[in-house]
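Enquirer: One structure, as structure tokens, below. Some questions next.
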Amino acid sequence: MLRHWCSTSLSLLIAGLLSSEAVSAKDFENTAIVRQVDLAGSLVQATTTYAVKALRDGADVYTVALSTQDKERTSWMEARLKGQQKALVWHARPLDTPKTDYHFVDIKLPKRLGLNETLNIVLDTVQTHATKPWPEQSAQKDEQALIYKTGLYVISPYRTLVQRTKLKSPSPRIISHTELEDISFATGAPFTKSGSTVTYGPFNNIPPSSNEAFLEKHQDEVLIHFHYDHPVLEVLKLRRAVEVSHWGANLNIQDDIHLRNAGPKLKGHFSRLDHQAQAFYKKPAPHVLPSLTLHLPPGIRNTYYYDLIGNVSTSRLRAAPRLPRGSNAKLSSVLELRPRYPLLGGWNYTFTLGWDAPLGDSASYDSKTGKYYVKVPIMTVIPGAVVDEAEVKVTLPEGADDFEFTPPFPAKSMWISTEKTYLDTSGRPTLTFEYNDLTAKHDGYIYVSYRVPISAHFQKPVAVSAAFMGLFVLAIFWRRIDLRIHKTKKA
Amino acid sequence: MPAAYPIPSDLSPATVTNTASLIRIVALGLISGAAIASRLFAVINFESIIHEFDPWFNYRATRVLAAKGFYEFWNWFDPTAWYPLGRVVGGTIYPGLMATSGVIYNALHALNLPVDIRNVCVLLAPGFSALTAWATYMFTKEMKDESAGLLAAAFIGIVPGYISRSVAGSYDNEAIAIFLLMFTFYCWIKALKQGSAFFGTVAAIFYFYMVAAWGGYAFITNMIPLHALALILMGRFSSRLYVGYSSWYAIGTLASMQVPFVGFQPVKTSEHMGALGVFGLLQIIAFAQLVRSHLSSKQFQNLLLVAVISSGILGSLAIVGLTYKGWIAPWTGRFYSLWDTGYAKKYIPIIASVSEHQPTAWPSFFMDLQLLMFLFPAGVVLCFMQLRDEHVFVIIYAAVASYFAGVMVRLMLTLTPVVCVSAAVALSTLLDTYIDPTEPPSSEDEQVLEKDAASSEAGSVASTASAAPTTKKGKKAQTNSGADASASSKKASKPQKGVFGLDTRLTVIMNAFGMLSFFVLHCTWVTSNAYSSPSVVLASNNPDGSQHIIDDFREAYYWLRQNTPETAVVMSWWDYGYQIAGMADRPTLVDNNTWNNTHIATVGKAMSSSEEVAYPILRKHDVDYVLVIFGGLLGYSGDDINKFLWMVRIAQGVWPEEIQEPDYFTPQGEYRVDDQASKAMRNSLMYKMSYYRFAELFGGGQATDRVRNQAMPKQGPTLDYLGTNIWLPPIPLTVLTIPADEAFTSENWIVRIYEVKKEDLLGRDLKTANAFGQGKKRKRSKPAVRRRPIV
């Protein structure tokens with residue numbers, strides 16, 4: 001979502017508080033920076049901890065620098081103080097010049113720091129499309145390996161006393177990684193490898209690095225090539241349609257999903273024999289996706305799973321019972337679904353998944369304001385998958401007006417339209433939100449409030465009754481008017 | 001008047017009429033409900049899916065119609081079918097079915113009912129079956145009365161012979177055609193009875209609809225003239241016949257010619273000449289009648305003689321001459337195969353290869369009609385007993401349809417309506433007779449007195465029966481006569497004719513209801529077990545009894561759809577052409593619209609030749625993938641190896657020197673696939689593709705083909721021309737001897753897809769290239785020859 005930082009309503013609010021003047025390197029000093037990257041398939045989690053010392057009395061905005069590469073990859077970001085749950089408010093600065101290789105993010109600290117006061121800031125980010133399969137093609141029986149590239153130094157507008165970068169592979173089977181020599185800031189060995197972790201650093205006394213000169217002279221790229229034993233999944237397109245129905249007391253959610261195995265492309269052909277042999281010997285190929293497990297809300301009914309040519313029978317649902325209102329229990333219905341065919345590298349599969357949920361579980365009525373409130377989940381997390389493009393469409397009941405909505409994070413674009421479905425006369429207001437690069441961290445709710453006048457509730461029955469009435473009246477006249485030319489006796 | 005049981009007498013006639021009318025409406029409603037519901041087994045057991053093969057094309061065409069509108073559909077040229085020839089779809093189909101669905105779809109959407117086009121298509125046949133029940137009711141009402149009509153409606157609603165073609169998802173032309181057939185016949189009978197130009201026109205309009213919907217319209221085209229001709233020959237020419245027939249023929253023929261696929265056939269082909277001839281005959285007779293009314297009898301007789309002879313000679317000469325000149329097309333092969341069941345097998349194997357074109361087996365009559373099969377002749381006999389104009393129609397229809405149903409399984413469908421009508425007439429007569437409470441006058445004295453008289457009257461049973469006391473419904477008495485006669489004849493010892501007492505009545509009625517109940521049970525059983533399988537999806541049972549769906553077809557088709565280029569040409573036997581086009585959305589070489597025999601034979605040749613011969617054929621047709629159906633692992637008997645002989649036969653029809661059927665049998669004349677299989681068989685592409693790596697699946701055990709129950713050789717076939725384009729290093733773990741293989745095989749191995757290799761980049765033939773890729777040495781054949789001693 002970083003691409004749309006500027007449109008953040010929250011950040012607009014605090015935009016006035018934060019000055020967009022150049023970062024003063026005199027404000028802070030990083031006593032230590034530790035960056036840990038948890039490598040995986042589509043989603044890579046990078047956590048950077050800044051140990052900060054204030055060099056000036058009263059500083060309350062700490063600025064983090066991100067390289068262009070990091071900024072493009074990052075789809076989710078959260079800053080907080082170490083050991084605390086509460087997220088800090090941050091604001092991305094507009095670009096000074098379009099050509100810079102670094103970007104600034106201002107983090108509003110919870111209080112003004114006194115001179116030499118210290119603070120540990122943790123910056124959690126999730127990067128998408130950060131790894132790529134290498135080799136780019138592999139046969140059905142081959143293993144899967146990915147590469148990940150990143151900058152050697154964590155750049156910062158402040159001086160840094162010591163910094164490290166840890167690249168943590170999911171398994172100790174690391175094929176190779178960049179081996180550096182002659183690092184000017186390193187005192188000991190520039191890198192160490194232990195188990196599944198490769199650590200670059202420690203590097204000491206790094207001057208302010210978010211400037212062209214430093215990047216030109218010192219910044220280096222490190223690369224790690226590691227085995228990854230799970231399929232790399234990518235949802236190219238997710239279209240979620242949510243329909244709120246008051247008459248049916250129903251919340252229908254339907255997802256059209258275009259899933260792709262973004263791992264290495266299949267070299268040669270798929271052999272069912274080999275696939276069955278792998279399954280028989282319980283040695284599944286790491287890049288083959290045979291099935292998916294999804295967690296759906298509790299209390300759902302009428303779950304359906306089909307694709308363009310009909311129902312897919314290979315799924316199993318363990319529906320959890322409805323939770324009592326206000327319960328905090330974490331229950332979810334588990335849906336195990338199998339695509340029609342195992343998904344090998346580079347293969348696509350499109351399918352539709354939908355269910356009905358009791359409206360009472362996600363909507364409530366406030367009699368004071370006379371408004372309905374409904375919460376709509378943005379997505380169902382497909383484990384380990386990134387959603388490239390998402391479109392969430394919320395259809396409110398016919399005649400709903402005065403609606404307000406609060407998405408958990410700002411949409412790339414959003415519009416309101418009118419849709420007509422079953423026997424509608426005036427159509428239903430529909431809110432559509434578009435997002436890019438959603439991850440499991442984005443699994444939030446859109447809150448919508450709206451008002452439905454009593455008359456709107458009766459619009460449909462009245463329309464249908466009127467239509468039938470019309471038919472009957474016509475029939476009455478038809479029976480009673482004799483249009484025959486010859487007035488013969490009635491047969 | 002004595003009565004077997006009391007009936008209320010204080011009801012006003014209006015009450016009776018209204019109640020009867022209400023009961024009729026309710027009964028028709030329930031029958032419609034039963035007709036629709038019994039066809040939903042397929043949806044409930046499986047899902048809302050289009051069945052079998054042809055419906056997939058109809059569905060695809062309907063989607064085009066719904067998405068792009070009628071004119072676009074009309075002009076639709078489909079380049080993906082019959083690659084590379086393409087197909088002019090608008091001009092080669094009966095658009096009635098698609099147009100019907102399109103209208104329903106658009107009407108529903110206009111009402112803001114966004115029903116999926118697939119559901120419209122799936123539920124069209126059940127919906128129309130309800131209409132068929134109503135049309136049959138109307139038709140039978142004309143034959144006998146409302147009660148027979150209701151019975152006929154109930155029969156046609158649930159009879160398996162009709163359900164077999166109209167379950168939900170069986171989206172084929174027959175789905176709407178039977179309704180149109182019955183309604184056209186009803187309108188014709190009505191037009192004939194009333195001499196009504198209006199009903200003649202309605203019949204013509206529905207005839208047009210029928211022509212637009214099903215190729216079986218020729219049945220109407222010949223039935224109505226046959227009926228008219230029979231009436232003329234029986235001396236029953238009337239102005240009612242003249243008006244009814246002329247208005248039907250003139251309007252109906254002109255309208256039918258508006259369908260592009262039919263075009264000028266109604267005036268050019270032999271199948272339609274009968275209707276034209278009867279039309280002409282009617283004009284001549286009508287003219288003769290006109291002349292007769294103005295001339296004296298003597299003059300008229302002379303004139304008639306000359307006119308009849310000359311016009312007869314001229315007319316037949318004209319038809320023969322026109323046929324000879326080629327203006328009128330002679331009978332088509334499909335028509336000949338109706339008279340000689342062996343004709344198709346000899347001359348047009350492609351027609352004979354379709355299972356529904358086989359002669360009907362006896363059990364299938366019972367399976368499809370059960371009880372009705374026995375009631376049917378009784379009904380026809382009852383028609384003979386009255387022989388009004390409309391009864392002649394039923395008799396002719398029964399005779400013609402019985403013959404056709406015996407010749408071809410699929411024509412069972414046209415027999416079913418008339419069986420239902422006749423059976424309903426028979427059963428309704430039986431019930432009328434035995435429910436009627438009127439007792440014959442039965443005092444002991446009268447019996448004794450009549451004893452002598454009765455014995456002398458033994459021959460004229462019918463007359464005594466008709467003299468039986470009239471019931472409260474006067475018209476019923478007439479129709480009862482037949483059954484009364486048969487019933488009374490049983491009690492020959494008793495002189496009194498009639499049904500006595502409640503016990504006799506109850507016995508017969510309970511018996512009849514028992515039979516009807518068994519009929520319902522039978523229909524339900526047959527429908528749910530035999531006729532409700534989509535054949536795209538197969539069902540089996542898990543060990544715990546739950547249903548297990550075998551979904552290999554869709555698995556493979558969907559794989560093709562999602563993971564191959566959109567222009568990839570798929571070759572398969574023609575049976576799967578429509579399914580591939582519909583589900584995989586890929587171009588196909590041949591499909592179920594078997595218009596080009598040579599093209600099909602080409603595919604047959606490619607399948608039945610060795611790889612070296614087949615490869616150039618595949619390359620010339622730009623084939624990217626070859627799809628075969630293989631049931632050997634699962635025991636699915638409808639697979640390509642079992643259809644293989646038809647491929648061979650069809651190919652042999654075009655290339656008799658290259659493909660010969662006997663080559664595919666063992667010297668003992670057996671059709672084998674195991675190690676005794678003939679050389680041509682083992683070298684054929686079809687055999688290789690079916691059994692490629694099949695033996696390896698058994699991990700060293702004995703590989704068995706479960707369809708043919710034959711043990712497969714350990715060493716399976718190798719493929720040099722189909723497989724990947726990429727050379728792979730040998731994989732050390734397995735005993736594979738060749739580098740690459742099939743592109744995709746479904747879970748139960750039913751569908752196997754192979755990719756056709758492109759030519760070797762170095763210009764070697766693929767066999768050599770393959771051997772080189774595996775690191776094999778080239779075989780030296782020359783030295784061996786040299787060392788052989790010269791004899």
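Placed from the backbone N, Cα and C atoms, the Cβ positions cover glycine too.
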Enquirer: Do you know which of B:46-66, B:88-108, B:718-738 TrEMBL annotates as transmembrane segment?
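Expert: Within the set B:46-66, B:88-108, B:718-738, TrEMBL attaches transmembrane segment to B:88-108.
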Enquirer: For the domain 'AglB-like core' (B:539-628), what does DSSP give as the number of helix, strand and coil residues?
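Expert: Per-class counts: 45 helix, 17 strand, 28 coil.
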Enquirer: Is the transmembrane segment (B:88-108) close to the transmembrane segment (B:365-385), in the sense of at least 3 CB pairs under 8 angstroms with a sequence gap of 6 or more?
Expert: no
Enquirer: Which of B:21-44, B:120-140, B:146-163, B:197-220, B:392-413 shares the most C-beta pairs under 8 angstroms with the transmembrane segment (B:175-191)?
Expert: B:197-220
Enquirer: Determine which recorded stretch among B:88-108, B:197-220, B:392-413 has the most C-beta pairs below 8 angstroms with the transmembrane segment (B:146-163).
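Expert: Stretch with the highest Cβ contact count: B:392-413.
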Enquirer: Under 8 Å, at least three CB pairs between the transmembrane segment (B:21-44) and the transmembrane segment (B:120-140) (pairs 6 or more apart)?
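Expert: Yes; at least 3 Cβ pairs under 8 Å.
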Enquirer: If I take every residue in the domain 'AglB-like core' (B:539-628) and average their pLDDT values, what number comes out?
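Expert: Here the predicted model's pLDDT, averaged over the domain 'AglB-like core' (B:539-628), is 89.
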